[in-house]
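Taken verbatim from TrEMBL:
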COMPBIAS  237-276  compositional bias 'Low complexity'
DOMAIN    113-215  domain 'Late embryogenesis abundant protein LEA-2 subgroup'
REGION    1-37  region 'Disordered'
REGION    222-276  region 'Disordered'
TRANSMEM  53-78  transmembrane segment
Amino acid sequence: MSSNGKPTPQPPAAAAAGGPPKMYQRPIYRPQQGGGKRRRGGRSCPFSCCCCFFWSVLVILLLAFIAAVVGGAFYLMYRPHRPAFTLSAARVSKLSLSSSAAAPTLTSAVQFTLTAKNPNKKLVYFYDDFTVTAATAANGVPLGEAAVPGFAHEAGNITVINGTVSASALTVDPAAASSDIKKSGSFPITLDLETKAGVKVGGLKTKKIGIRVHCEDIKVTAPAPPPLAKKKKLTKGADAPSKSPAAKKPAADAPSKSKSVADAPSAKAVADAPAPAAVADDAPATAEAATTVARVCQVRIRVKIWKWTF
(Lines of atoms letter the chains of each structure in order from A and count residues from 1; the text may use other names and numbers.)
(Lines give C-alpha, C1' and ligand atoms only; values in the text may rest on other atoms or scores of the structure.)
Protein backbone atom coordinates (compact mmCIF):
# COMPACT_ATOMS: atom_id res chain seq x y z
CA MET A 1 0.00 0.00 0.00
CA SER A 2 1.19 3.51 -0.69
CA SER A 3 1.23 6.34 1.74
CA ASN A 4 -1.99 7.73 0.40
CA GLY A 5 -3.86 4.48 0.94
CA LYS A 6 -3.90 3.21 -2.67
CA PRO A 7 -2.48 -0.18 -3.61
CA THR A 8 0.83 -0.21 -5.53
CA PRO A 9 0.38 -1.61 -9.08
CA GLN A 10 2.72 -4.46 -10.06
CA PRO A 11 3.64 -5.93 -13.42
CA PRO A 12 1.44 -8.80 -14.45
CA ALA A 13 4.35 -11.17 -15.03
CA ALA A 14 5.84 -10.46 -11.65
CA ALA A 15 2.50 -10.88 -10.01
CA ALA A 16 1.90 -14.20 -11.70
CA ALA A 17 5.32 -15.63 -11.01
CA GLY A 18 5.62 -14.14 -7.67
CA GLY A 19 9.26 -13.24 -8.36
CA PRO A 20 11.05 -9.92 -8.38
CA PRO A 21 10.00 -7.31 -10.99
CA LYS A 22 11.90 -7.28 -14.33
CA MET A 23 12.82 -4.25 -16.40
CA TYR A 24 11.39 -3.92 -19.98
CA GLN A 25 13.96 -4.45 -22.75
CA ARG A 26 13.45 -3.08 -26.26
CA PRO A 27 14.07 -5.66 -28.98
CA ILE A 28 17.16 -5.13 -31.17
CA TYR A 29 16.37 -4.23 -34.83
CA ARG A 30 18.06 -6.46 -37.33
CA PRO A 31 17.64 -5.63 -41.02
CA GLN A 32 16.37 -8.54 -43.03
CA GLN A 33 17.98 -9.58 -46.30
CA GLY A 34 16.09 -9.28 -49.58
CA GLY A 35 13.98 -12.04 -50.94
CA GLY A 36 15.12 -14.69 -53.35
CA LYS A 37 13.74 -12.88 -56.39
CA ARG A 38 15.67 -9.73 -55.55
CA ARG A 39 18.93 -11.63 -55.20
CA ARG A 40 18.37 -13.37 -58.48
CA GLY A 41 17.62 -10.03 -60.16
CA GLY A 42 20.85 -8.45 -58.91
CA ARG A 43 22.93 -11.36 -60.10
CA SER A 44 21.32 -11.37 -63.61
CA CYS A 45 22.38 -7.79 -64.50
CA PRO A 46 25.92 -8.70 -65.80
CA PHE A 47 24.46 -11.71 -67.53
CA SER A 48 21.91 -9.52 -69.38
CA CYS A 49 24.66 -7.12 -70.61
CA CYS A 50 26.64 -10.05 -71.96
CA CYS A 51 23.53 -11.34 -73.71
CA CYS A 52 22.88 -7.96 -75.33
CA PHE A 53 26.48 -7.71 -76.54
CA PHE A 54 26.45 -11.26 -77.86
CA TRP A 55 23.20 -10.78 -79.79
CA SER A 56 24.36 -7.43 -81.20
CA VAL A 57 27.57 -8.99 -82.53
CA LEU A 58 25.62 -11.90 -83.92
CA VAL A 59 23.18 -9.62 -85.76
CA ILE A 60 26.04 -7.55 -87.23
CA LEU A 61 27.84 -10.66 -88.45
CA LEU A 62 24.62 -12.00 -89.93
CA LEU A 63 23.97 -8.76 -91.84
CA ALA A 64 27.56 -8.70 -93.10
CA PHE A 65 27.21 -12.28 -94.30
CA ILE A 66 23.96 -11.50 -96.11
CA ALA A 67 25.53 -8.41 -97.75
CA ALA A 68 28.54 -10.47 -98.86
CA VAL A 69 26.28 -13.12 -100.39
CA VAL A 70 24.17 -10.53 -102.22
CA GLY A 71 27.28 -8.67 -103.45
CA GLY A 72 28.87 -11.89 -104.69
CA ALA A 73 25.72 -12.89 -106.53
CA PHE A 74 25.46 -9.42 -108.09
CA TYR A 75 29.09 -9.54 -109.25
CA LEU A 76 28.68 -12.98 -110.79
CA MET A 77 25.51 -11.94 -112.63
CA TYR A 78 26.56 -8.51 -113.97
CA ARG A 79 30.39 -8.32 -113.75
CA PRO A 80 30.42 -4.54 -113.05
CA HIS A 81 33.33 -2.37 -114.25
CA ARG A 82 34.11 1.30 -113.81
CA PRO A 83 33.63 3.59 -116.82
CA ALA A 84 36.79 4.33 -118.79
CA PHE A 85 37.77 7.89 -119.81
CA THR A 86 40.53 8.62 -122.32
CA LEU A 87 41.83 12.04 -123.32
CA SER A 88 41.99 11.98 -127.11
CA ALA A 89 43.41 15.45 -127.75
CA ALA A 90 44.03 18.79 -126.07
CA ARG A 91 45.50 22.06 -127.28
CA VAL A 92 45.95 25.61 -126.10
CA SER A 93 44.21 28.02 -128.45
CA LYS A 94 44.82 31.15 -126.36
CA LEU A 95 47.43 32.00 -123.75
CA SER A 96 48.27 35.48 -122.52
CA LEU A 97 50.02 36.39 -119.26
CA SER A 98 50.30 40.05 -118.31
CA SER A 99 53.70 41.48 -117.42
CA SER A 100 52.63 42.85 -114.02
CA ALA A 101 55.06 41.68 -111.34
CA ALA A 102 52.69 42.25 -108.40
CA ALA A 103 49.43 40.70 -109.65
CA PRO A 104 49.68 39.20 -113.15
CA THR A 105 46.48 38.17 -114.92
CA LEU A 106 46.04 35.14 -117.15
CA THR A 107 43.78 34.77 -120.18
CA SER A 108 43.71 31.26 -121.61
CA ALA A 109 41.62 28.75 -123.54
CA VAL A 110 42.29 24.99 -123.60
CA GLN A 111 40.28 22.82 -125.99
CA PHE A 112 39.96 19.12 -125.15
CA THR A 113 38.35 15.97 -126.54
CA LEU A 114 37.51 13.18 -124.09
CA THR A 115 36.23 9.69 -124.92
CA ALA A 116 34.01 7.92 -122.36
CA LYS A 117 33.40 4.17 -122.65
CA ASN A 118 30.98 1.97 -120.70
CA PRO A 119 32.54 -1.54 -120.69
CA ASN A 120 29.54 -3.17 -118.97
CA LYS A 121 26.97 -5.28 -120.81
CA LYS A 122 23.97 -4.79 -118.50
CA LEU A 123 24.73 -1.67 -116.45
CA VAL A 124 23.80 1.86 -117.48
CA TYR A 125 25.54 4.89 -115.99
CA PHE A 126 23.86 8.29 -115.80
CA TYR A 127 25.84 11.44 -115.02
CA ASP A 128 24.98 14.91 -113.81
CA ASP A 129 26.61 17.97 -115.39
CA PHE A 130 30.41 17.89 -115.36
CA THR A 131 32.56 20.65 -113.87
CA VAL A 132 35.87 20.75 -115.77
CA THR A 133 38.99 22.50 -114.44
CA ALA A 134 42.52 22.72 -115.81
CA ALA A 135 45.74 23.67 -114.03
CA THR A 136 49.47 23.38 -114.46
CA ALA A 137 51.01 20.16 -113.20
CA ALA A 138 53.90 21.66 -111.23
CA ASN A 139 52.34 24.32 -108.98
CA GLY A 140 48.65 24.04 -109.81
CA VAL A 141 48.22 27.42 -111.52
CA PRO A 142 44.55 27.52 -112.65
CA LEU A 143 43.95 27.77 -116.39
CA GLY A 144 40.17 28.12 -116.22
CA GLU A 145 37.03 26.06 -115.88
CA ALA A 146 34.06 24.94 -117.95
CA ALA A 147 30.76 23.04 -117.69
CA VAL A 148 29.80 20.01 -119.78
CA PRO A 149 26.20 18.70 -119.78
CA GLY A 150 25.55 15.27 -118.30
CA PHE A 151 24.27 12.27 -120.23
CA ALA A 152 23.08 8.69 -119.91
CA HIS A 153 25.81 6.18 -120.71
CA GLU A 154 24.24 3.07 -122.17
CA ALA A 155 25.83 -0.37 -121.87
CA GLY A 156 28.75 -0.82 -124.28
CA ASN A 157 28.41 2.75 -125.57
CA ILE A 158 31.25 5.17 -126.44
CA THR A 159 30.57 8.89 -126.02
CA VAL A 160 32.84 11.73 -127.17
CA ILE A 161 32.96 14.83 -124.94
CA ASN A 162 34.21 18.12 -126.39
CA GLY A 163 34.74 21.29 -124.40
CA THR A 164 36.85 24.39 -123.87
CA VAL A 165 38.31 25.41 -120.52
CA SER A 166 38.81 29.17 -120.50
CA ALA A 167 39.78 31.98 -118.15
CA SER A 168 39.62 35.74 -118.64
CA ALA A 169 41.84 38.11 -116.64
CA LEU A 170 42.35 35.54 -113.87
CA THR A 171 44.73 36.70 -111.13
CA VAL A 172 47.48 34.13 -110.52
CA ASP A 173 50.57 33.77 -108.37
CA PRO A 174 53.44 35.56 -110.13
CA ALA A 175 56.19 33.14 -109.07
CA ALA A 176 54.25 29.99 -109.92
CA ALA A 177 52.92 31.38 -113.21
CA SER A 178 56.34 32.49 -114.42
CA SER A 179 57.86 29.07 -113.71
CA ASP A 180 54.99 26.89 -115.01
CA ILE A 181 53.61 28.74 -118.03
CA LYS A 182 55.99 28.89 -120.95
CA LYS A 183 55.31 31.08 -123.96
CA SER A 184 57.48 28.86 -126.14
CA GLY A 185 57.83 25.10 -125.86
CA SER A 186 55.63 22.57 -124.08
CA PHE A 187 54.59 22.37 -120.43
CA PRO A 188 52.48 19.76 -118.56
CA ILE A 189 48.94 20.40 -117.29
CA THR A 190 46.21 18.39 -115.53
CA LEU A 191 42.51 18.12 -116.37
CA ASP A 192 39.83 17.23 -113.79
CA LEU A 193 36.14 16.46 -114.31
CA GLU A 194 33.82 16.24 -111.30
CA THR A 195 30.22 15.03 -111.32
CA LYS A 196 27.75 12.67 -109.64
CA ALA A 197 27.04 9.30 -111.19
CA GLY A 198 24.44 6.59 -110.61
CA VAL A 199 23.89 3.07 -111.87
CA LYS A 200 20.75 1.67 -113.47
CA VAL A 201 20.15 -2.08 -113.47
CA GLY A 202 16.94 -2.94 -115.26
CA GLY A 203 14.29 -0.80 -113.57
CA LEU A 204 16.35 -0.18 -110.41
CA LYS A 205 18.39 3.00 -109.97
CA THR A 206 20.99 3.49 -107.28
CA LYS A 207 21.74 6.69 -105.41
CA LYS A 208 24.23 9.00 -107.14
CA ILE A 209 27.71 9.33 -105.67
CA GLY A 210 30.49 11.79 -106.49
CA ILE A 211 33.24 10.79 -108.89
CA ARG A 212 36.32 12.57 -110.24
CA VAL A 213 38.00 11.92 -113.58
CA HIS A 214 41.67 12.92 -113.29
CA CYS A 215 43.89 13.28 -116.38
CA GLU A 216 47.53 14.12 -115.76
CA ASP A 217 50.82 14.52 -117.62
CA ILE A 218 49.18 16.35 -120.54
CA LYS A 219 51.82 18.24 -122.48
CA VAL A 220 50.57 21.31 -124.31
CA THR A 221 52.30 24.00 -126.35
CA ALA A 222 51.54 27.71 -126.27
CA PRO A 223 50.28 29.11 -129.59
CA ALA A 224 52.86 30.98 -131.65
CA PRO A 225 52.42 34.77 -131.85
CA PRO A 226 51.42 36.19 -135.27
CA PRO A 227 54.43 37.31 -137.40
CA LEU A 228 54.50 41.10 -137.69
CA ALA A 229 57.69 41.51 -139.77
CA LYS A 230 56.41 39.58 -142.79
CA LYS A 231 53.35 41.79 -143.12
CA LYS A 232 55.65 44.77 -143.81
CA LYS A 233 57.08 43.00 -146.89
CA LEU A 234 53.62 42.90 -148.39
CA THR A 235 53.24 46.68 -148.01
CA LYS A 236 56.58 47.28 -149.73
CA GLY A 237 55.55 45.15 -152.67
CA ALA A 238 52.30 47.07 -153.00
CA ASP A 239 54.19 50.34 -153.29
CA ALA A 240 56.43 49.12 -156.08
CA PRO A 241 53.96 49.62 -158.98
CA SER A 242 53.35 53.24 -157.89
CA LYS A 243 57.01 54.06 -158.49
CA SER A 244 57.08 52.67 -162.04
CA PRO A 245 55.15 55.58 -163.64
CA ALA A 246 57.66 58.02 -162.18
CA ALA A 247 60.45 56.07 -163.79
CA LYS A 248 58.72 56.25 -167.16
CA LYS A 249 58.51 60.07 -167.31
CA PRO A 250 62.22 60.89 -167.71
CA ALA A 251 62.53 58.18 -170.37
CA ALA A 252 59.60 59.43 -172.48
CA ASP A 253 61.83 61.57 -174.87
CA ALA A 254 64.54 58.91 -175.23
CA PRO A 255 64.69 56.91 -178.48
CA SER A 256 64.64 53.60 -176.55
CA LYS A 257 61.02 54.00 -175.45
CA SER A 258 60.09 50.44 -176.31
CA LYS A 259 62.86 49.10 -174.06
CA SER A 260 61.65 51.05 -171.02
CA VAL A 261 58.10 49.83 -171.60
CA ALA A 262 59.36 46.28 -171.87
CA ASP A 263 61.14 46.61 -168.53
CA ALA A 264 57.97 47.72 -166.70
CA PRO A 265 56.33 44.25 -166.53
CA SER A 266 59.56 42.72 -165.16
CA ALA A 267 59.58 45.27 -162.34
CA LYS A 268 56.02 44.32 -161.46
CA ALA A 269 56.92 40.67 -161.52
CA VAL A 270 59.81 41.24 -159.10
CA ALA A 271 57.56 43.30 -156.83
CA ASP A 272 54.81 40.67 -156.77
CA ALA A 273 57.15 37.69 -156.31
CA PRO A 274 57.59 37.89 -152.48
CA ALA A 275 53.81 37.90 -151.90
CA PRO A 276 53.18 34.11 -152.40
CA ALA A 277 56.29 33.27 -150.39
CA ALA A 278 55.04 35.39 -147.45
CA VAL A 279 51.67 33.60 -147.44
CA ALA A 280 53.39 30.22 -147.49
CA ASP A 281 55.54 31.16 -144.46
CA ASP A 282 52.54 32.35 -142.46
CA ALA A 283 50.66 29.05 -142.73
CA PRO A 284 52.62 27.04 -140.12
CA ALA A 285 52.74 30.00 -137.73
CA THR A 286 48.96 30.22 -137.40
CA ALA A 287 48.52 26.47 -136.96
CA GLU A 288 47.96 25.38 -133.36
CA ALA A 289 50.13 22.63 -131.91
CA ALA A 290 48.40 19.37 -130.99
CA THR A 291 49.17 17.68 -127.69
CA THR A 292 49.13 14.30 -126.01
CA VAL A 293 46.92 11.73 -127.70
CA ALA A 294 45.23 8.71 -126.01
CA ARG A 295 45.99 9.60 -122.39
CA VAL A 296 44.14 7.26 -120.01
CA CYS A 297 42.45 9.08 -117.11
CA GLN A 298 41.77 7.80 -113.60
CA VAL A 299 38.23 7.48 -112.22
CA ARG A 300 38.04 8.05 -108.47
CA ILE A 301 35.03 7.79 -106.16
CA ARG A 302 34.53 10.81 -103.90
CA VAL A 303 32.95 10.12 -100.49
CA LYS A 304 31.64 13.02 -98.41
CA ILE A 305 31.45 12.63 -94.62
CA TRP A 306 29.88 15.67 -93.00
CA LYS A 307 32.22 18.53 -94.04
CA TRP A 308 35.07 16.49 -95.47
CA THR A 309 35.25 15.00 -98.97
CA PHE A 310 37.65 12.15 -99.71
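Start at 1 and count along the chain as shown; that gives each residue its number.
A Cβ is built for glycine as well, from the same backbone N, Cα and C atoms used for every other residue.
Long-range contacts of the transmembrane segment (53-78) within the same chain: residues 120-123, 201, each at least 6 residues beyond the stretch ends and with a Cβ under 8 Å from a Cβ of the stretch.
Using DSSP to sort the residues of the domain 'Late embryogenesis abundant protein LEA-2 subgroup' (113-215) gives these counts of helix, strand and coil: 7 helix, 64 strand, 32 coil.
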